Amino acid sequence: MKAWEREYNWKKTAFPSLDTEEKENNWMEYLENGNLSDERLYKDWESFVPGSLAPCHLVVAAIQSMDNRGYDVSEAEELIDIGLKAAKKKDPVLLQQITARIYYLLNNAPRNKNSSYWKYKHYQTWEDIEGEVDFPDCESYNVYSDDFADKIKAGWVAQLIGGALGTQIEGYNTDNIRKIFGEVREYLRKPETYNDDITYELAFLETFVEKGYSITSEDIAYKWLAFITDGYSAEETALCNLRRGLMPPQSGIQNNYFSDWIGSQMRTAIHGMVAPGNPRLAAKLAVYDSVISHSNNGMIGGMFNAILVSLCFTESDIRKVVEKTVYLMPYKSQYYEVVRNTLNICKSSKDWEEAWGLCQERLKEYHWIHAYPNAAAEIVALWFGNGDFDETAYIIAMEGEDVDCNAGPILNALAIIIGLEGISKSWIEPLGNIIKTFMRKMDKFTIDSLVEKTITAVRHHSEKLLC
């Protein structure tokens, strides 16, 4: 039936109500929606991360991010103080206008000709990348082995450990973490699995179960719509775009001020897990996922952790894994320069604090949710942790920044090498076996079932592995 026919029939069968009661209350929904819009906007100007209560100022961060991306944001910056005052006074009349004006200025910002951002090549798709990276031949790996099953379990458990540890302290710097908690070498409270990191990996896994290695960005995007209720920064923008029918890669580009942030980097350990010893395939899958919400350096950040995890199935030295991963980044990208410089700093520094201090100074213009400082934190922690789970967890916690997004992937990678036997029971036992999320249809399940689903899916589709 045509759409017009449906509407015609609905009108034809609709009759006025004889009810003479006032209908004023029927309009209250509009008022409530307006109030919700105002409250959402107040939070965009100042909110607090659920797990750690670190402050976030998303509108200001959007301006910062566009500055990082090489645009002249000086006009938008002039409105920050006005917006902050309006938010503090809870003045929705002024704040709605100021915020819209800021976004208009960002959407139409001219390039800053003095920004170094424009000297690097920009990437948007897998095709942009694959011809520039000299991926090694994949190493044959038996996904039917007990070794594979053990590594998958170790990886997932360690990732959940990292997420639980990091959620408690994300958004702060080293000095302030130390002032409040001293040296963080254990959970600071009972661990929990609620965060926005694993949700996207679960959506990918559900897609992979059905589609295997023939998966597309659109396939994954539809699972986002099915299971993920809300997002933050780049992911929130992507979900809004998807709901309006903008599919990848446009969903990660349109009105997205945060496309170089950490969202892809945080969620791509799973792509390495389903492509063991095959960094090219891991990178490809990660890019297909990443472009839903990110582009360019944010997308490359997704590649980074996917490759890192993939290599850990066939390599036993975590420092070698880090080096190989760094040199598999597109060499004309700014992301590559950041991770290469970080690696060089690690090699010339006496300890993690010296290395991290130098990285912090180099990257101080970037938000704590941006991909760059967090990629640097990962490299420093893995390099100076040097295969020791406790030490790596300690360093990644003490570095601060977006700790859960960093600790999850790198502890996953390390655990694939060292196994569950390399992880203290003091990390594993408090975690339990239950995962809770805010996803539709997947709000509660066991770690064991997640492990089994991953193993079964890879084995089921293994005939299409490239080696």
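Positions of Cβ are set from backbone N, Cα and C atoms, glycine also.
According to TrEMBL, the Mg(2+) binding site annotation covers D196, D197, D402, D404.
Under 8 Å, Cβ to Cβ, and six or more positions away along its own chain, D404 (Mg(2+) binding site) finds G51, G162, G163, A164, L165, G166, T167, E170, N195, D197, M266.
Other residues of the same chain near the Mg(2+) site, with their Cβ within 8 Å of the Cβ centroid of D196, D197, D402, D404, are G163, G166, T167, E170, N195, I262, M266, C405, G408.
Applying an 8 A CB threshold to same-chain residues 6+ apart, the list for D402 (Mg(2+) binding site) reads G166, E170, G171, I262, M266, W368, I369, N374.
The number of other CB atoms found within 10 A of the CB of D197 (Mg(2+) binding site), across every protein chain shown, is 24.
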